[in-house]
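Heads up, the thing below is written out as structure tokens.
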């Protein structure tokens, strides 16, 4: 009883303290509400947990996450160890030639060798004595050497001398590190810009322009069998003259062109088809590689393959039939309604190398060019 009576005076004090704390809490909530309401009414932004401000100098108000992106890489320096076939070419900006590529500094000045990020070596120009004609064997750290050839294995000597020197391959072969075909087809960006084929201008039947005449080669043997059944006009050394600058004008008079390659290797489809035949609007007649190989790059009805016929005599008969049947002949040009042929240039090939080097920085070694290319 006495204990209970002694405790009673403490309870009123605790009630008073609790009441004061409650009133203080209500006041804080009330003023917070008034502040938020005022901000909403004036249009001022509510305070955020973290404000992300634009980075000074960043374009278009880029936020700070843009500053985390990798800094722009320095412009690559690419050395052409030689001009192809010792013939200088104009070098435009790669950003204008290859979509998505940045510009590279491309030069044939060998004095920049110690600073070059990559060196392009054109095989034809060093193949006679590779050991004497290659760049210095002590290369700067990280420098990549690119082996470059547009010739077939039949015309590339001393490949074995290059084992272990190169880091990338660059050629017409589709399995090259840098694929540089002689030509390709691309879609029209709009309506086809070329005029319809003028059949009345096609006054001749079959032509062939050949500079490297080898009597024992497969293409010469096939031609000799074919011309026994069909007239073929042959231009070049020891044949009909073809003055400089008149090739396209001359070949455009023909309905068909023998796009016979000088050697028979996979993917080796050269200017004989892309320029001599297609730019002259002549239907190409091809010998090798296989039809399936050609169809990797062309529609099946864009060319005539000799393998489709049992003999040269059968091919001759077919060409004579097409000569008289305009509708069937014109069917070999239907693909031009949606596609157009394009031809390579040295400058474009160098810019493809520029793009590849920008995209892939890993360092590798091609152990044997010969084992891969032959």
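Heads up, the Cβ atoms here are built off N, Cα and C, so glycines get one too.
Copied over from Swiss-Prot, here are the features:
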{"type": "CARBOHYD", "residues": "60", "note": "N-linked glycosylation site"}
{"type": "CARBOHYD", "residues": "105", "note": "N-linked glycosylation site"}
{"type": "CARBOHYD", "residues": "167", "note": "N-linked glycosylation site"}
{"type": "CARBOHYD", "residues": "198", "note": "N-linked glycosylation site"}
{"type": "TOPO_DOM", "residues": "1-15", "note": "topological domain 'Cytoplasmic'"}
{"type": "TOPO_DOM", "residues": "35-374", "note": "topological domain 'Lumenal'"}
{"type": "TRANSMEM", "residues": "16-34", "note": "transmembrane segment"}
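Location within the structure of each feature annotated in Swiss-Prot.
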residue : record                      : contacts (Cβ under 8 Å, 6+ apart)
105     : N-linked glycosylation site : 75, 76, 77, 78
167     : N-linked glycosylation site : 144, 145, 146, 363, 364, 365, 366
198     : N-linked glycosylation site : none
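DSSP assigns residue 105 (N-linked glycosylation site) to a strand. Here the topological domain 'Cytoplasmic' (1-15) has a mean pLDDT of 43 out of 100.
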